[in-house]
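Features of the protein shown, as given by TrEMBL:
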TRANSMEM  5-23  transmembrane segment
TRANSMEM  58-75  transmembrane segment
TRANSMEM  87-105  transmembrane segment
TRANSMEM  111-131  transmembrane segment
TRANSMEM  140-161  transmembrane segment
TRANSMEM  181-203  transmembrane segment
TRANSMEM  224-251  transmembrane segment
TRANSMEM  263-280  transmembrane segment
TRANSMEM  292-312  transmembrane segment
Amino acid sequence: MKKILIAYSVMVVVFLVVLYESVVLGSLQLNFGEIIKGVFGDRSGATAVVFDLRFPRVLIAIFAGASLALAGALLQAAIKNPLADPGIIGITSAAMLGNVVVINFLPHLFFYSPIFAFAGGVIAFVILYAVTKKYDMSPVFVLLVGIALNAVFTAIIKVSGVTAIHFTESTGLSMKTWEDANLLMGFSIFGIIAALILGPVCNMLGLSEKTIRSVGFPVGKARWVVIIISVYLASVSTAIVGSIAFIGLLVPHIARMLVGSNYKVLLPFTVLLGATMLLAADTIGRMIVPPFEITASIIMSLIGGPFLIILIRKFGKIYGH
């Protein structure tokens, strides 16, 4: 318990530091007093610019990071796959395809783009499940099929919606407005709350099938509820910030090392760590080569790629691949 309290305390401090730096750092820099004035309505000059452009970006990074991290943790629990990440197994690319449909063909339904993205994500997972089910959803096999699906959906996107996908992926977290922030927060908050409630369910899913069924737990229904919430969180985030891989893979593993595998403790910590990680990646990307930006997705790929290789080596041996 002491270790968990220390981990949470340190994580809160780190989050607040990253949050502060993400607001004050940039081409226009503010001090703490100016930030406070801006929060309470005194917005003029640089304060107004930062409030209108940087604040929405910060909020989007927080909610998208938390959502993607939770999506990965839930997915790993539901299918018992330590390599599962919505950004790797094709869910986010399918969500992007749903988003492209709205942008290219139904622009008047922009505010419903997260719903179309969610539909795309569900389709991707159903295909993945259908293909891998007879192989008991072997972690490495799921990863390979997911990579193939990712390639297929990405190819379809490039053929059918080059302009839309280029705009979404190239901007990432930049060029976001309060409209985008409100849209993401409005859709993601329900998924985040639902995910946090599912902690005990995720703990049950971690037990053996025989043990779960012996206590009368509806394992099939519970697993699909967790999967649907996971796909929802990943999809609504993708609709706003594009595809950002590896947060759903990295964060749950780091969180387990720090606070253990009890999902009632792990999931809230995942929210904090996911929000902090994406916010830090975005801030670093803004500051490396100003005035140019390196997108958060590139920063995360540079970190997550080697981490995935390490996990494949580790779990590939365990599962006999």
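Just so it is clear, glycine is given a Cβ too, placed from its N, Cα and C backbone atoms.
When each of the listed stretches 5-23, 140-161, 181-203, 224-251, 263-280 is scored by C-beta pairs under 8 angstroms to the transmembrane segment (111-131), 224-251 comes out highest. Tallying C-beta pairs under 8 angstroms between the transmembrane segment (224-251) and each of 5-23, 140-161, 263-280, 292-312 places 292-312 first. Comparing 181-203, 263-280, 292-312 for CB pairs under 8 angstroms to the transmembrane segment (5-23), the maximum falls on 263-280. Counting residues 6+ beyond its ends, the transmembrane segment (181-203) has Cβ neighbours under 8 Å at 55-57, 59-60, 63-64, 66-67, 70, 73-74, 77-78, 111, 113-114, 222, 225-226, 229-230, 232-233, 236-237, 239-241, 262-268, 271 in the same chain.
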